[in-house]
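The next block holds one structure in the form of structure tokens; read it before the comments.
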Amino acid sequence: MLLCVSCLSVNGEMNPLGPTPSVHRSVSFWLLRLSVFLLLSLRDSKGKAIWTAHLNITFQVGNRIISELGESGVFGNHSPLERVSGAVVLPEGWNQNACSPLTNFSRPDQTDTWLALIERGGCTFTHKINLAAEKGANGVIIYNYPGTGNKVFPMSHQGTENIVAVMIGNLKGMELLHLIQQGVYVTIIIEVGRMHMPWLSHYVMSLFTFLAATVTYLFLYCAWRPRVSNSSTRRQRQLKADVKKAIGQLQLRVLQDGDKELDPNEDSCVVCFDMYKAQDVIRILTCKHFFHKTCIDPWLLAHRTCPMCKCDILKP
């Protein structure tokens, strides 16, 4: 629709030159607005990097020592990106969310450093993490709600910047919970993993959208303009032929001595401004205005209208 509108002139006639500069400016302005919007949205999303956490889990079952290493957690938004290790300790009691201010942790005697394993929900992440820190935890591991599988996200916990806090999935958290409840001594080493930048994906998609819009416009313009040019050329040829035919049907007259048109008080030819003389050939238009044939014919080919009243010779 944008390109079709561009081929019309002010009076509704086809513009043989195709899209006008004003339309190009409007399309360029639209593309500029799109790029500014994408850049602004990119600025808003920038800086939200997500850091994964490698968890090296070690525990003993019978005579076997089992170790699991996986990128199974993410650091909280306000957590220091540091390595931390220790025995995994649960909150005392049946409720594992550590929301009560009276919550304690049963730390094994042989443990120098320990990590609190806490269930998500019931209170803010900040409350859980600060409570564990007050009880002496060196780090906090929070596992997600039941039914969420191993889905994780970077937690928001302002005011807890001095203690490492990571989130793990519910399935992994329940595995650790059951092991510890069965009396298994579990230790975990938390190490900084990789940085993921969602804004980079957003940038790529934004750039792709902008380029796609630009390429689409250029493709449509290039595919459409030759057709418009050919159509306009044919129409111009036909129009010129119609004008020539109409000119040939206009009345001609040779001025003779005594004709009133030769009176010095009469008007001169408004095209060349010369006075009419005997033997001059004049062309009389449908509006009854007349001019030198040699003057008016080129004028009509170019303008199609009477120089005085703008009467169109193609219209009855």
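Just so you know, glycine gets a Cβ as well, placed from its N, Cα and C.
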**Q.** The annotated zinc finger range in Swiss-Prot, which must be one of 185-226, 269-310
**A.** 269-310
(Q) If I look at Swiss-Prot, which residue among ASN56, ASN77 would I find recorded as N-linked glycosylation site? (A) ASN56
Q | Secondary structure content, the zinc finger (269-310) (per DSSP, counts of residues) | A | 11 helix, 8 strand, 23 coil
Q: Quick one: average pLDDT across the zinc finger (269-310), no decimals.
A: 90
Q | Tally of residues which DSSP labels helix, strand or coil - the domain 'PA' (84-178) | A | 19 helix, 24 strand, 52 coil
Q: Write out the long-range same-chain contacts of ASN56 (N-linked glycosylation site), meaning residues 6 or more apart in sequence whose Cβ is under 8 Å from its Cβ.
A: SER67, GLU68, LEU69, ILE188, ILE189, GLU191
